[in-house]
Amino acid sequence: PFPVIVGTSAGAINAVTLASGALHFAEAIHRLTSFWQGFRSHQVLRSDWPGVIRQASRFVGHSLLGLGAQVPVALLDSSPLRKLLNQHLDLNGIGHAIEQQHLRAVAVTAFGYESGQAVTFYQGKGAIDPWLRHRRIGLPTRLSVEHLLASSAIPLLFAPIKLGEEFYGDGAVRQSAPISPALHLGANRVLVVGVSGNPHGPTPGAVRERVFSGKQPSLAQIGGHLLNSTFIDSLEDDLELLQRLNHLSHLLPSDVQPRRLGLAPVEVLVVAPSQPLDEIAARHRRELPAALRMFLRGPGATKTSGAGVLSYLLFEAGYCSELIELGRRDALAKQDQLRRFLGLAQA
């Protein structure tokens, strides 16, 4: 049902999993759901005592004391994720889906540390022209597990991944227009699956009561806001801009074609969580392995106020399963809109 699939960070793994199974989409969804429901931290990063202590010591020694050479600047060792993805994914399915015309293109975005560009790597049908905009670029390629690792390598937490001659990190970094790659690849309607519980800001005219604890913010609380500004704000800003452009296209005189001005309206439907993910993460913090829990306790990530960081690092089945169930409920709440968007008959 989706000829163009685009993802960034953990969404890159979802996008490629669905694209590689596009010939049998329902089965691909089942595999993806089972993949996340069976997740454990040790499958993503070294969460045992020796692994956590060794990586943290290397980070401190290299970054603060200047000891050692060519040591990845990362607090956590995410090498187990490479093995997991190689076992889980059959990327040959992407080519088969494109050949059978079940898929036009799939893309993932990573951030180039040297170029400062948000680079969208795409695999698609025929001659899809590469693009170059301010600090963002689209490059055709044959997608691999390395592209997924690069797109999901959260800065400082996970080591950069080398693709070609450049090292890359999480694609959400400086991704000023996250919807743009889908449009470049030919989409004229976009279904956005977001991670923010407030995708369009407060209701106009609503005044929210501001309540303060008066406590100094923890390192994890500060880090959580920084991560949210990277992973969430750009999508919300892009959605707001797209809505304004859509509105502008409808105000043009009847003799002016919006497409010629680059203002062709784009239908957008957003499905976003109805609950804050950090609150859900806080409820599942005890599922973390003991070594990782100790590592995160110092900066305050295991406290409710610091759960913003925790929501990015909690790779446990209980947490993932609750997110999947929340997504199912939120999608059902919009089932009429989804049916109209997908051109399906009403139930």
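Using the three backbone atoms N, Cα and C, a Cβ is placed for every residue, glycine included.
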If I go by TrEMBL, the feature motif 'GXSXG' sits on one of 7-11, 202-206, 257-261. Which?
7-11
Within the same chain, the residues at least 6 apart in sequence whose Cβ is under 8 angstroms from that of Ser9 (active site, nucleophile) are Ser151, Ser152, Ile154, Asp170, Gly171, Ala172, Phe231
Other than its close neighbours in sequence, what residues sit by the motif 'GXSXG' (7-11), given a CB gap under 8 Å and a spacing of at least six beyond its ends?
107-109, 151-152, 154, 170-172, 175, 178, 193, 231
Once the chains shown are all counted, how many other Cβ atoms turn up within 10 Å of the Cβ of Asp170 (active site, proton acceptor)?
27
State the three-class DSSP label for Asp170 (active site, proton acceptor), counting H, G and I as helix, E and B as strand, and everything else as coil.
strand
